[in-house]
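What follows is a short report on a single structure.
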């Protein structure tokens, strides 16, 4: 376990080495939150609530969804693809650790870094600028924390899967771009799932994406009842377990087929 | 016990070829032409613990592919590989704990952060105790003279500095078996000498087995008693470097500089050996066997006036390139 914790630390150091990337990140996120804030304010107009959510819940939803994204979001899919393309995966395979686990830990190191240096100060700024509603309920906060950890796991698992597909295609740029877009759209980052038409909602119920953003954000804004929150987290937990199966199978097949490029 | 046992090892790759033209590209979408390329073709050899073996061959001869199978990165198509008593591919995580690898063309250090952070991570990864680490690595760091580099990010190091750090990184867990894939590529002579000296030292101190691939024959001469030579995926020679030199490098080249111009016919009629012209018709090189040397020199000296003579041993590099050009059976 020590080696995995060391890897988190390592990634933390790497992020520190490239601070400028993250300053521009704060800026982009703030613009996104601001834009959605005004968009939703305009959509609500004078209406007290749409789909059972007040305008305050809605704007808080958007802000928290983006801030949580800073934590769960990572580029390990791109990194895996790159390491395969450049043959670096060879170096990874001569080390006594599980490559996928190491990549996940790197993602976690990145997530923790962004959470401390990005989400926390960012959230502080956003609460001063916009009128958002943050609950004082400890239970909501702890549910949200747990739910966000689960969303990190699911997002990382999907990234691992997407990255590994490049074992077979050797160039998965288009696929990775499509995946990113699908996650932003279907996870509820841009629009809460409850706003989608009924048929789309029922389709998405069989997909893991809403576990990434929709569920933790709904928990945070207290748009979910306690039962719904527990059910949501169960949904997340089940997907965490279910996704292990394709990861395991794909990794096994990938290792068998592994072509180290460039010599 | 053998450090490496390889029996009838084979690796085949599918090599796709594209059809020409737009119509061809469309056809490629559905069915693609491919042929099976055999990169490593039924090779067998063993390496004893503590041996230093040079694994040589031209580009594309299958050296890297073999190393990748021996280190568990690639799965063999067929054949048996046992390294350090384990099947590299089956027991990967346990197996890699017992080997160190340096790929000259690929860095295993983290590019953006200080070298010591990479070392620290690897120390954790290989579960090396503080005591063992200090004991072993203090020595390694001192011998390779990398102490002042440890707090610099890898991207700021020169190639020679980086390579020494790479070598140290591969030895953090003091593995009994070390694979070096072109470790001296692009390095200057001083760094090369330092690295060779160091490799010899750890081989003596820890009885470390070293398998070395390189295009630099001076590396092999300095380090390896035994060479395995590969051509088109097959082993064409496996034995001592000494033996190879005796069989192949027995001849000498004698370079004569004459005071007057001479022709090849004259020389050949006087001494019937292979003559090769030097820079001009004053300079001629005779390729002779060692025991004919005195006879040839005597004849020439008594018939012509000379300005200069050198005698040169055939270099290992020339021996190797001769073997690739003419095949091993000639000698």
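Glycine too: its Cβ is placed from the backbone N, Cα and C atoms.
Per TrEMBL, the listed range annotated as transmembrane segment is A:21-39 (candidates: A:2-20, A:21-39). The range from A:86-110, A:111-135 that TrEMBL describes as transmembrane segment is residues A:111-135.
Non-local neighbours of the transmembrane segment (A:21-39) in the same chain are 15, 59, 62-63, 66-67, 69-70, 113-114, 117-118, 121-122, 125-126, 129-130, 190; each lies 6+ residues outside the stretch with a CB under 8 Å from one of its CB atoms. Long-range neighbours of the transmembrane segment (A:181-199) within the same chain, counting only residues 6 or more positions beyond its ends whose Cβ lies under 8 Å from a Cβ of the stretch, are 36, 50-53, 58, 61, 65-66, 69, 155, 158, 207, 209-215, 217-218, 223.
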